[in-house]
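Enquirer: Starting off with a structure, shown below.
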Amino acid sequence: MTDSGSLPSRLTAGLSGQDLAKASAGIRAATDLCQNGMKLGLGSGSTAHAFVRALAERVRDGLDIVGVPTSTQTYDLAGELGVPLADLNDLVELDLTIDGTDQMAPDGSMIKGGGACLLWEKVVAKASRRVMIVADDTKLADHLGTFPLPIEVLPFGWRSSRKQIVELLADHGYENPDPVLRNRSDDLVITDSGNYILDVTLGTVTNQAELTVLLNQIPGVVENGFFVGIADGVVVGRPDGSSEIIQDLAGRDADRW
Ligand SMILES: O=C(CO)[C@H](O)[C@H](O)COP(=O)(O)O
C-alpha cells in the first residue's frame, strides 16, 4: 500500500532526504493506523517522534486515544503536545505500538536501542496486540548486524557481564567481539532504568533468535536490542515523501526486501 499523497507542510517544512522520509513514515502511521479508543504504545527516536507529532495533531482534531511512552524523552514530547498519557500498569495491555528501528531484516527481526530505550520499548511492544514500525528506507537491511547491537546491563558487575557476553558471542561464531560501554559527549549513558549500554558490532547476524535468548540468560544483562518476532509490519518512508505500509512481517520467509 504505497502513498505519496500530500504531507502537511507544518510537519515537514524544511525537511529533506532522510528527515523527510522519517516524517512521512510517522505521519502515515498516525493517519492510517490510529483509531478512536485505541491504547497506543508510543515509541522513541526521531521517527517515532515524527509519529507522536502527527498523532498530537489528530488528538487536537478530536481523536480519542491514550498513549504509553517508551522513554522519558517521549513522555516529555507527548506531554508537551497534549497527547493523553497513561501508566502501563493501569492499562496492562495495549492495542498498538508504533516505534522506530535501527535496522530491520526482511523477516521483521530488528536491532533497536540506538536511543538507549530498548528495555521500555520491548516491555511496551510485548504488551501490545500489534506492533508497527516506522522507518526511513535506510533501516531496511538484508540481514542484521552492521548496526551495533545494544545490550542493557546492570551497573553492578558490568565488567563480569561483559566478559560473559564476549565468551557467548565467541562461542557462537563472532570473532573478537568487543562490547563498548556507551558514552555521549564523554558522559556515560544511563538508561531510563538506571543501567548502562554496551554496544557490540557483530557483522552478519543470522542467529538473532537464539542469541536474544542466550544473551538474556547472562546475569546482569537486563535486555538486548534484538527484537525477534515482535514487529507485525513496517511503514517505510522515502526521501521523496512517499510511504509504504508492509503488513504481516512476523514469520515472513524472505531473505531480501
Ligand atoms: O530503538 C530506538 C531507540 O532506542 C529507536 O527507535 C531507533 O534508535 C531509531 O531511531 P531513529 O528513528 O531516530 O532513527
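Glycine is treated like the rest: Cβ placed from N, Cα and C.
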Enquirer: According to TrEMBL, SER44, GLY45, SER46, THR47, ASP99, GLY100, THR101, ASP102, LYS112, GLY113, GLY114, GLY115 bind substrate; identify which of LYS126, LYS139 is listed for that same site.
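Expert: As annotated by TrEMBL, SER44, GLY45, SER46, THR47, ASP99, GLY100, THR101, ASP102, LYS112, GLY113, GLY114, GLY115 share the substrate site with LYS139, chosen from LYS126, LYS139.
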Enquirer: Reduced to three states, what secondary structure does DSSP give SER46 (substrate binding site)?
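Expert: Once the DSSP labels are grouped into three classes, SER46 (substrate binding site) ends up as helix.
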Enquirer: Can you tell me the CA-to-CA distance separating LYS112 (substrate binding site) and GLU121 (active site, proton acceptor), as a whole number of Å?
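Expert: A Cα-Cα distance of 9 Å.
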Enquirer: Quick test of your reading of the structure: among the binding-site residues SER46, GLY114, LYS139, whose CB sits under 6 A from ligand 1?
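Expert: Cβ < 6 Å from ligand 1, in sequence order: SER46, GLY114.
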Enquirer: Within 10 Å of GLU121 (active site, proton acceptor) by C-alpha distance: pick out those among the binding-site residues SER46, GLY114, LYS139, and say none if nothing qualifies.
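Expert: So far as Cα distances go, none of the binding-site residues lies within 10 Å of GLU121 (active site, proton acceptor).
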